[in-house]
C-alpha cells in the first residue's frame with residue numbers, strides 16, 4: 001500500500017482566535033489531523049468534542065484531539081495564538097515583555113519535542129513575536145511566519161471594493177509594514193483591472209477625501225470591532241486558514257505575511273508584513289513592490305518602530 005503523508009496541525013492557544021481558526025480549518029477540510037493545546041484543559045476538551053461533532057459536515061475527514069507539546073514532534077505546522085491580553089493601565093511595552101516570556105516558554109517546549117516543521121504566529125504584537133519565535137527556535141527564517149498584514153490587506157480590499165462597487169477578489173492592493181499603527185497602504189500599486197485606484201480617487205474632487213478615509217477605516221478597523229464586541233477573531237482566523245492552505249497545499253501564493261527581511265526593501269534583521277511567496281517550505285521569497293518616495297519613508301519608519309521593540313525585548317531572549 002502506498003503511504004500518503006497526512007497534514008498535521010498543532011494549535012497552541014484555544015481562545016477566541018484559536019477556536020475560530022480551528023472551526024474554520026475543520027469546516028474547510030484543510031488538515032488531516034488537528035491537535036489543540038491550551039492551559040485551560042476543560043475548554044480544549046469541550047472544543048474538541050464540539051469540533052468532532054461538526055467534522056462530518058466539514059470539507060474532508062479530520063482527526064481532532066487535545067494534546068501536549070509532545071504532539072508537535074511530527075507536526076507539519078504549529079500555529080500559535082496563545083498570549084496575554086493587554087490589561088487596563090498596562091503599557092504596550094509591558095504586554096510585549098509579558099508575551100515574549102510566554103513565547104520563549106512555548107517555543108522552547110515545542111522545539112524540545114523534536115519539531116522541524118513551520119511556525120505560524122498570530123499573537124500580537126505579531127511582528128515582534130514572530131521575531132522572538134525565530135530567535136528562540138533557531139529555525140531558518142523560511143520556517144517562521146507571522147500573520148503580518150494579511151488581515152489588514154483584506155480590510156483594505158473590502159474598503160476599496162465597497163468604494164468602487166466590485167468584488168473584493170477583483171481588487172489588487174496591499175497593506176504592508178507593522179501590523180499596527182505604523183502600517184501603510186501601497187496606493188501607488190493598488191488597481192482594479194490595471195486601473196490605478198489612487199488616480200481615480202485623486203482625479204475626482206468629490207472622492208479625494210476618501211483616500212484618507214479608506215486607509216483610516218482599514219487601519220482602525222480592529223479598534224472599532226473591539227469597541228463593538230470586545231475582540232476580533234473571525235477575520236484573522238480565516239486569514240490564518242488561508243496561510244495554512246498555502247503551506248500544506250504547496251500553493252506558491254503571494255500573501256502579505258510577516259517575513260524576515262535580509263536586504264529586501266533595503267532593510268534587514270526585522271520581521272515585518274510584506275508580500276511573500278508561501279509554499280510547503282514556508283516563506284520562500286519576499287517580493288519587493290515598487291514604492292514611491294512617500295511609501296518608502298513610511299515603510300522605513302515602520303521598520304524603525306519594530307526594531308525599537310525588538311531591541312527592548314532582546315535581553316529576554318538572549
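Even glycines carry a Cβ here, placed using N, Cα and C.
Quick look at what Swiss-Prot lists:
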type: ACT_SITE; residues: 179; note: active site, proton acceptor
type: BINDING; residues: 17, 38, 43, 69, 83, 84, 105, 122, 123, 124, 147; note: NAD(+) binding site
type: BINDING; residues: 86, 92, 124, 125, 126, 127, 152, 153, 154, 155, 232; note: substrate binding site
type: BINDING; residues: 157, 172; note: beta-D-fructose 1,6-bisphosphate binding site
type: MOD_RES; residues: 223; note: phosphotyrosine
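Projection of Swiss-Prot feature records onto the structure.
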residue : record                                        : CB count, 10 Å
17      : NAD(+) binding site                           : 26
43      : NAD(+) binding site                           : 16
86      : substrate binding site                        : 14
105     : NAD(+) binding site                           : 11
126     : substrate binding site                        : 26
147     : NAD(+) binding site                           : 29
152     : substrate binding site                        : 28
154     : substrate binding site                        : 20
157     : beta-D-fructose 1,6-bisphosphate binding site : 21
223     : phosphotyrosine                               : 11
Recorded positions compared (172, 179) - the one with the fewest other Cβ atoms within 10 Å: 172
Recorded positions near residue 17 (NAD(+) binding site) (Cα-Cα within 10 Å), from 86, 124, 179, 223, 232: 232
Nearest of the recorded positions (172, 223, 232) to residue 83 (NAD(+) binding site) - Cα to Cα: 232
Local Cβ density at residue 124 (substrate binding site) - other Cβ atoms counted within 10 Å: 22
Span of the substrate site, taken as the largest CA to CA distance across 86, 92, 124, 125, 126, 127, 152, 153, 154, 155, 232 (Å, rounded to a whole number): 25
Candidate with the highest Cβ count within 10 Å, taken from the binding-site residues 123, 232: 123
Distance [Cα-Cα, Å, rounded] between residue 152 (substrate binding site) and residue 179 (active site, proton acceptor): 8
Residue 124 (substrate binding site): secondary structure state under DSSP, collapsed to three categories: coil
Extent of the NAD(+) binding site in Å [max Cα distance among 17, 38, 43, 69, 83, 84, 105, 122, 123, 124, 147]: 24
Using Cα positions only, nearest of the recorded positions to residue 232 (substrate binding site) (43, 123, 147, 223): 223
Separation of alpha carbons, the residue listed as 'active site, proton acceptor' and residue 124 (substrate binding site) (Å): 8
Residue from 86, 154, 179, 223 whose C-alpha is spatially nearest that of residue 172 (beta-D-fructose 1,6-bisphosphate binding site), among the recorded positions: 154
